[in-house]
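**Q** Okay, here's the structure, questions in a sec.
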Amino acid sequence: MAMSLIQACCSLALSTWLLSFCFVHLLCLDFTVAEKEEWYTAFVNITYAEPAPDPGAGAAGGGGAELHTEKTECGRYGEHSPKQDARGEVVMASSAHDRLACDPNTKFAAPTRGKNWIALIPKGNCTYRDKIRNAFLQNASAVVIFNVGSNTNETITMPHAGVEDIVAIMIPEPKGKEIVSLLERNITVTMYITIGTRNLQKYVSRTSVVFVSISFIVLMIISLAWLVFYYIQRFRYANARDRNQRRLGDAAKKAISKLQIRTIKKGDKETESDFDNCAVCIEGYKPNDVVRILPCRHLFHKSCVDPWLLDHRTCPMCKMNILKALGIPPNADCMDDLPTDFEGSLGGPPTNQITGASDTTVNESSVTLDPAVRTVGALQVVQDTDPIPQEGDVIFTTNSEQEPAVSSDSDISLIMAMEVGLSDVELSTDQDCEEVKS
């Protein structure tokens, strides 16, 4: 029962684990494909002419100018921006107070009409859409927003839904401040924006992360619970089996102590050459050998058969169970570990004699005895005589000093059975317990 329960739990846990794994894997793939972002980088090429320092020139005079050109892939197109090139002169809001371009009335220092210009706006105070829209309404060719306050080199894909007709990019804070410093020195800066690299980035949404985490935790809890249950059941089963083995060993020791021991003497029939050898060591019997006589009338060397009986509790030859033959009921917990020829514990008190009933039971479980041997127990109970007069023959008696008392009814039934010659009378275990009282 315990093993079938463990196997069922094992199959259930394995099926649950596989289904959960496949389900979570498919969901993760679905979330990953659904949560993806496509964005483009932008090459930012700025050109400006920085006046060369001339000590001899006056404040109003002009010396030579040094032309600078810088091109870096530092920009990132907005989410709703058209992916196209843009060119123009970089300008900021006319007033330092309106540099953030959050006010719709913000004025830019735009060049003369008909010349393209690009608005440079710092991040902050309002949405990207508001900044881009305010510049677009004043006819800017493009809008460049530089990051402020976060990671200096970070750029993001700006969302600006509703303003989709103007190129809008974001550049890092250092690059934006560099251009601002040039404009504050009244240096004209021209910017040329071109499309850079296309990027496809996959994201896992927070919902999917939470779902996968919960699924994983539940899966681990189920697996852990199954493992704990499995090992607890395995530990309990092992302990119960060891305990049952110890109890069976104790019962076997008790049974062995009730078996007759005999010392072979010179001239006994066991020493003859035609007598069967010991079935355990396959050696013949010699004088002074100590033998153990089992209830089935088989005998073996004591040193050979005792270890066998402790482990198996059966006759090495006919497989008769000595616990059953002696009427020693094992503990109920030991039933699962008993041999298959044991059909339940016997009721009634244990007997110290081999009775006709017990011999008949042995006969049914594959042991064939002659009529004289099968009735030897009954003869001993009724007449207290030896049915085989030959010296050296063995009569199984666990205690020669104690003879069990027999009721008058049992005497009459046994005597009638022997007078009629019914040597094959079969007495049940319950009848035997009523007839023979220890």
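Backbone N, Cα and C define each Cβ position, glycine as well.
Relevant sequence annotations retrieved from Swiss-Prot are reproduced here:
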- 81-183: domain 'PA' (DOMAIN)
- Asn45: N-linked glycosylation site (CARBOHYD)
- Asn125: N-linked glycosylation site (CARBOHYD)
- Asn153: N-linked glycosylation site (CARBOHYD)
- Asn186: N-linked glycosylation site (CARBOHYD)
- 1-34: signal peptide (SIGNAL)
- 278-319: zinc finger (ZN_FING)
**Q** Within its own chain, what residues at least 6 apart in sequence put their Cβ under 8 Å from the Cβ of Asn45 (N-linked glycosylation site), listed in sequence order?
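**A** Sequence-distant Cβ neighbours: Thr69, Glu70, Lys71, Met191, Tyr192, Ile193, Thr194.
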**Q** I need the CA-to-CA distance for Asn153 (N-linked glycosylation site) versus Asn125 (N-linked glycosylation site), whole Å please.
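**A** Rounded to a whole number, the Cα-Cα distance is 20 Å.
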**Q** With every protein chain in view, what's the tally of Cβ atoms within 10 Å of the Cβ of Asn153 (N-linked glycosylation site), excluding that atom itself?
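**A** Summing over all protein chains shown, Asn153 (N-linked glycosylation site) has 11 other Cβ atoms within 10 Å.
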**Q** Quick one: Cα separation, Asn125 (N-linked glycosylation site) versus Asn186 (N-linked glycosylation site), in Å?
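**A** Asn186 (N-linked glycosylation site) has its Cα 26 Å from the Cα of Asn125 (N-linked glycosylation site).
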**Q** For the glycosylation sites Asn125, Asn186, which one has its C-beta crowded by the most other C-beta atoms within 10 angstroms?
**A** Asn125
